[in-house]
Amino acid sequence: MESKDNTTDRLWNWDQVPAWQQDNRYIITGYRGATYSYRKALTSLGYLHNQTGNIFTHLLAIPALVILAVLVYHVRHISTDPVDRLIIAIFVVGVSTCFLLSTCFHTFSCHSAPVEQLWVRVDFLGIIIITAATFVAGEYYFFFCEHIRMGIHMAVTISLSVLAITVLLTPRLQGPKHRTLRLVCFCLMGVSGFVPMIDSLAHYGWDHSKRYSIVYYLIEMLLEVVGAVLYGCRLPERFAPGRFDMWGHSHQFFHIFTAAAACVHLTGLANAARKTRALERCASGY
């Protein structure tokens, strides 16, 4: 059913908005009406609704991450090597791109059904970008002294990313018929993040892997899993429908845990860069 009017400052309940806006049945109030206008959707930044927290958790995480990058790399003088700066830039740009696309999705999701579906795909594109940037940055330090091994892992990451983006952006692969293909592509990319860590542990052992921040990356994964579980199980709003409509619902926690995980990964990269530059030569680092 369509909302009763297109005003952007009027909020609606779950049973008053069309089906394409009904994503979480435990969030009862605070829905924006369909605006059919990007300009009107932007005006929703100026009032409180059930997407406000989702918008600003990722929007504010961008400058927070940039400030952290400046602190850990420049203020603490972790490394002046241009390659280290390139790696951190790739990571920060990748994460910031994901968070910006997420912000846009949550801002414009009230536009209309076709536009909402477009931004869902753009949001997934951001997830692919942050995943690739995270993996590549970690692989650089894990296999710093073995360029061939590093190159193989990076090539796999980039290839799976290109495959996932191709599947995501190809219109004829968006229907129910190709749902399994899309799921397999995203799962392959996610699981591939474990491969470099397993390879590092098997090839170099725990001490080397710990030196190059595997503990940070395990904490990062734990944060992401906790956020994903809260999001997937609709916690805490499942136990108190309507109480967390504006603040404190699962999608906001998912964003917060994702942002925290990115900060942990950045700190791990800084630690790995410092340990790498402390090596006199690669052979003596093992």
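Each Cβ is built from the backbone N, Cα and C atoms, and glycine gets one as well.
All TrEMBL annotations are machine predictions without curation.
Here is what TrEMBL records for this protein:
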BINDING   H106, H251, H255  Zn(2+) binding site
TRANSMEM  55-74  transmembrane segment
TRANSMEM  86-108  transmembrane segment
TRANSMEM  124-143  transmembrane segment
TRANSMEM  150-169  transmembrane segment
TRANSMEM  181-202  transmembrane segment
TRANSMEM  214-232  transmembrane segment
TRANSMEM  252-273  transmembrane segment
Cβ contacts of H255 (Zn(2+) binding site) (under 8 Å, same chain, 6 or more positions away):
G53, N54, T57, H58, A61, S102, G227
Check the transmembrane segment (86-108) against each of 55-74, 124-143, 214-232 and return whichever range has the most CB pairs under 8 Å.
124-143
To which of the binding-site residues H106, H251 does the lowest count of other Cβ atoms within 10 Å belong?
H251
Dominant neighbour of the transmembrane segment (150-169) in 55-74, 124-143, 181-202, 214-232, by Cβ pairs under 8 Å:
124-143
Would you mind listing the long-range same-chain contacts of the transmembrane segment (181-202), meaning Cβ under 8 Å and 6+ residues beyond its ends?
128, 131, 134-135, 138-139, 142-143, 149, 153, 156-157, 160-161, 163-164, 167-168, 173, 208-209, 212, 214, 217-218, 221
Near-site residues: Zn(2+), ref H106, H251, H255, CB cutoff 8 A to centroid:
Q51, G53, N54, I55, T57, H58, S102, Q252, F254
Where H255 (Zn(2+) binding site) sits in the secondary structure, as DSSP reduces it to three classes:
helix
